[in-house]
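What TrEMBL says about this one:
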{"type": "BINDING", "residues": "276, 279, 311, 318", "note": "[4Fe-4S] cluster binding site"}
{"type": "DOMAIN", "residues": "19-257", "note": "domain 'IspG TIM-barrel'"}
{"type": "DOMAIN", "residues": "272-360", "note": "domain 'IspG C-terminal'"}
Ligand code: SF4
């Protein structure tokens, strides 16, 4: 239901104050909503397949999508891809400064590039100039697995201090070119190292931070690792944009990213389903029902809550705080709750359709209220 953080101080997260930058139409930092990103894994040269994947990511709610540009053919295809994408695109560039310039010219909203890795000062100047000319921001992406040799020699192994020093070295290069539209990530596959590096970086610089635990792994264990790492930082107020790195369909990365933010009340999107694990008391098959509902309600982006609880032990209590609720009862029927109040009895047969209809109705009602509020605000101005 609505945000009660003002009366529930234990839910409040004080976000780190960062400088605001833009990735195309999306604001990052400075109190802007925490954006959720993913990355395409199709060959960029296959523009049609890449656009298709970007569509899927957009539908899942992605705010920003990153696309790799390893060669000139890729930056050429990037132009077509950027024209079709509805969300801003980040071009992922490694080492070659020409790709950075080409991507900026081809419509990238942001370049993921480490200025210290692209060679001499003239090359850096040209990339920065291209970014300025085309309104691109940049992301400095430090990765524990690819730290500079001199830092590894100095510190002995990848450690938070080495990662932060690397990040600040890259940042200084951009600042020396009077370029300040950048964000930084300091990722490692180990959540301890990741969190410690971000904590130190958050103290050392005021730019927005792009969070991620890199190469977190397959869907289940990678999700857990990311939730622990990102959750820890976000809870402490650190982080302006996130990417969950999974060895899975990129759409899953977006879903997991939103679920992490939803769990912390930092962003709300779609139906938040509260469900019990079920036990012998259940009045209907909770697990199956929730799986079907998750599928049938995936198209709803309006934030609202739904409780699906097997019996009266916890059902009425949970339903008090959700927009729509169903609690299992006896004799093949349960109870529908709307806005925290009992609405009517509902046979288990047909409950799915009824719940979907009530949730869609609630989403329409909330959308209409939001639209009316926007009209009121516009009239008042
Ligand atoms: S709410 Fe009821 S059905 Fe669900 S786990 Fe608890 S006791 Fe079991």
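Placement of Cβ uses the backbone N, Cα and C atoms for every residue, glycine included.
TrEMBL feature annotations superimposed on the structure.
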residue	record	contacts (Cβ under 8 Å, 6+ apart)
276	[4Fe-4S] cluster binding site	282, 286, 308, 309, 310, 314, 315, 318
279	[4Fe-4S] cluster binding site	310
311	[4Fe-4S] cluster binding site	281, 282, 283, 327, 328, 329
Cβ under 6 Å from ligand 1: qualifying binding-site residues of 276, 279, 311, 318: 276, 279, 311
May I ask you to report the DSSP-based helix, strand or coil state of residue 318 ([4Fe-4S] cluster binding site)? helix
Taking DSSP as the reference, which of helix, strand or coil describes residue 279 ([4Fe-4S] cluster binding site)? coil
Cβ neighbour count within 10 Å of residue 318 ([4Fe-4S] cluster binding site): 20
Report the residues of the chain - excluding 276, 279, 311, 318 - with C-beta within 8 Å of the mean position of the site's C-beta atoms, for the recorded [4Fe-4S] cluster site, in sequence order. 277, 278, 281, 282, 286, 309, 310, 313, 314, 315, 327, 328
Sort residue 311 ([4Fe-4S] cluster binding site) into helix, strand or coil using the DSSP assignment. coil
